[in-house]
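A.B. asks: Below is a structure I'd like to ask you about.
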Amino acid sequence: MPKQIDTILINIGQLLTMESSGPRAGKSMQDLHVIEDAVVGIHEQKIVFAGQKGAEAGYEADEIIDCSGRLVTPGLVDPHTHLVFGGSREKEMNLKLQGISYLDILAQGGGILSTVKDTRAASEEELLQKAHFHLQRMLSYGTTTAEVKSGYGLEKETELKQLRVAKKLHESQPVDLVSTFMGAHAIPPEYQNDPDDFLDQMLSLLPEIKEQELASFADIFTETGVFTVSQSRRYLQKAAEAGFGLKIHADEIDPLGGAELAGKLKAVSADHLVGTSDEGIKKLAEAGTIAVLLPGTTFYLGKSTYARARAMIDEGVCVSLATDFNPGSSPTENIQLIMSIAALHLKMTAEEIWHAVTVNAAYAIGKGEEAGQLKAGRSADLVIWQAPNYMYIPYHYGVNHVHQVMKNGTIVVNREGAILG
């Protein structure tokens, strides 16, 4: 007698399950198992089977979804965002186009200090509504799991406010969120002459954040003019002692040694890495620290030097991709666009890109055993794409290829409708 399950997806043109026993590094990122003419079975929010046509034999479903030859993949994972913030900074773009430097904009109260001011002034409810709007956009582009950082408070109450908003978001809408405490995002004006005291203030928040389960990771911006390698080492060691996973904004501009520090501390991820040295790349590979690359930021800032993804992959580094969604240097929720930029400017292949936005991204935020793969027992988080094959998504840029998004086996995005009028 056939076993009854909730849903079966049939007539899948190509299926990427992204099955892996761990994050993919180096040459293994090129190994992509593509299943043609595939099926997926779902019951009680979990994957029952995902494979070649015929795997559905012995099952009957309450609902049959005909994918009509479309591509199906796991839901995408965005492992680096600054989702919770007040205000916006579109005026700065015009100022930059007029030749005004970022330092001059900062001196006028703009830049990150503008976002800090707006985030401090916003109520928790205002931040919640704004972040929810942006998160719905992320979901519409196929992101079903994401990381979110604090870091626009730079003082106790606002940092905690940002983290509370992220926790409420996680509990109230479909996208799974992993929170990172990034009080060490910048040095506020009141601490410009004493950054060590500021770091002590941020470290003092760790027990409360841990007790209230507001964040899983701690992050710091290691860069010229922000925090030194020595300061970052002390901060991250204290965070590790408090039970937090470690992340680091490393070498975005200068090869300061952030990647080497990430490797030495065995951080879960090191992010940005535009200026990382050969030695830094080697240390990341040796430590198994995941490189989260943010090419959308380089693109938006109009810079020509991108992170050296090819050198990292050749050295055996595990590479991931993220939007870095934030109001100043990467105002986009569209991870599909990031996939295209990675192909064009990081010279990553389509196979490498798919690993970078699914399984590797999931491991970069501690969700490797839950997200980024379609296999029996995993949550049924998947995307049905209006695309004939996996290479089409990074190839055809600037549009949304999502047809439907499923989260825990339920359709949460449906773009089937025709344009009216």
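Note that Cβ sites are derived from N, Cα and C of the backbone, with glycine treated the same way.
Remember, predicted model here, so these are calculated numbers, not experimental data.
Features from Swiss-Prot:
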- H80, H82, H249, D324: Zn(2+) binding site (BINDING)
- H80, H82, H249, D324: Fe(3+) binding site (BINDING)
- R89, Y152, H185, E252, S329: 4-imidazolone-5-propanoate binding site (BINDING)
- Y152, N326, G328: N-formimidoyl-L-glutamate binding site (BINDING)
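Quick one: how deep are these features, and who are their neighbours?
C.D. replies: Reduced to three states, the DSSP call for H249 (Zn(2+) binding site) is strand. Taking the Cβ of H249 (Zn(2+) binding site) as centre and 10 Å as the limit, one finds 28 other Cβ atoms among all the protein chains shown.
Secondary structure at D324 (Zn(2+) binding site), taken from DSSP and collapsed to helix, strand or coil, is coil. Around the Cβ of D324 (Zn(2+) binding site), a 10 Å sphere holds 28 further Cβ atoms from the protein chains shown.
Secondary structure from DSSP puts Y152 (4-imidazolone-5-propanoate binding site) in coil.
Non-local neighbourhood of G328 (N-formimidoyl-L-glutamate binding site): R89, E92, G111, I112, T115, each in the same chain, at least six residues away, with C-beta under 8 Å from its C-beta.
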A.B. asks: Hey, of H82, H249, E252, which of those binding-site residues are within 10 Å of N326 (N-formimidoyl-L-glutamate binding site), Cα to Cα?
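C.D. replies: Of everything listed, what lies within 10 Å of N326 (N-formimidoyl-L-glutamate binding site) (Cα to Cα) is H82.
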A.B. asks: An 8 Å radius from the center of the Y152, N326, G328 Cβ atoms defines the neighbourhood of the N-formimidoyl-L-glutamate site; name the other residues of that chain inside it, in order.
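C.D. replies: Going along the sequence, the neighbours come out as H82, F85, R89, I112, T115, G151, P327, S329.
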A.B. asks: Cβ distance under 8 Å to H82 (Zn(2+) binding site), same chain, sequence separation 6 or more: which residues?
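C.D. replies: The answer is V148, K149, G151, Y152, D324, F325, N326, P327.
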A.B. asks: Do any residues at least six apart in sequence from E252 (4-imidazolone-5-propanoate binding site), in the same chain, have a Cβ closer than 8 Å to its Cβ, and if so which, in order?
C.D. replies: E223, H272, L273, V274, G275, T297
A.B. asks: Take the C-alpha atoms of H249 (Zn(2+) binding site) and H185 (4-imidazolone-5-propanoate binding site) and report the distance between them in angstrom, rounded.
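C.D. replies: Here the two Cα atoms lie 9 Å apart.
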A.B. asks: Out of these binding-site residues, H80, R89, H185, which one has the fewest other C-beta atoms within 10 Å of its own C-beta?
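C.D. replies: The binding-site residues H80, R89, H185 were compared, and R89 has the fewest Cβ atoms within 10 Å.
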A.B. asks: Specify the count of other C-beta atoms within 10 Å of the C-beta of N326 (N-formimidoyl-L-glutamate binding site).
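C.D. replies: For N326 (N-formimidoyl-L-glutamate binding site), the count of other Cβ atoms within 10 Å is 23.
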